[in-house]
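Student: One structure is given below, represented as structure tokens, and several questions about it will come after.
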Amino acid sequence: MATAQPSQVRQKYDTNCDAAINSHITLELYTSYLYLSMAFYFNRDDVALENFFRYFLRLSDDKMEHAQKLMRLQNLRGGHICLHDIRKPECQGWESGLVAMESAFHLEKNVNQSLLDLYQLAVEKGDPQLCHFLESHYLHEQVKTIKELGGYVSNLRKICSPEAGLAEYLFDKLTLGGRVKET
């Protein structure tokens, strides 16, 4: 295997930032993979919550797009894309919409922390281009996603009980159904 040649376009792009972006790409891919698992759980015939399916499928697509955007940045800046193994989701059956939404909420907070750490590294390494990229494409969107999921979790907690099948069905149709059609 040939050793990679140094990039001729690389300028003031610290190797630590390069490595941190590769780590964040892995996190975005894992998140996409996990949301795909959630989506198709809700698409099963014995679960049949169509709008949960659509919602998590859209989140999966968004996370894949985020990973690809970071890969394009790596190439633009003269970095080297180094893909890592994507671990298997710990949970395969999501039990309920509430459990899935809570998992998504905590996952998005982890993604946000990774982005904040990456941003801080870019500041420390004096990389205004990376700071601007993260501000323009990720940070605000991430906060909006956390807020949205937090609201969904709060609403589901209010309406869910041990036998909350009807409440979950109504949440799927009325809340997520309207949300999916807007996008």
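Quick reminder: no glycine exception, Cβ is built from N, Cα and C everywhere.
The following feature annotations were taken from Swiss-Prot:
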BINDING   GLU28, HIS66, GLU108, GLN142  Fe cation binding site
DOMAIN    11-160  domain 'Ferritin-like diiron'
Student: Which site among GLU28, GLU108 has the most other CB atoms no more than 10 Å from its CB, taking these as binding-site residues?
Tutor: GLU28
Student: Within 10 Å of each Cβ, count the other Cβ atoms and name the one among the binding-site residues HIS66, GLN142 with the highest count.
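Tutor: Of the binding-site residues HIS66, GLN142, the highest Cβ count within 10 Å belongs to HIS66.
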Student: Applying the rule Cβ within 8 Å of the centroid of the Cβ atoms of GLU28, HIS66, GLU108, GLN142, what extra residues of the same chain belong around the Fe cation site?
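Tutor: Close Cβ neighbours, site residues excluded: LEU27, THR31, ASP62, LYS63, VAL111, ASN112, LEU115, TYR138, GLU141, THR145.
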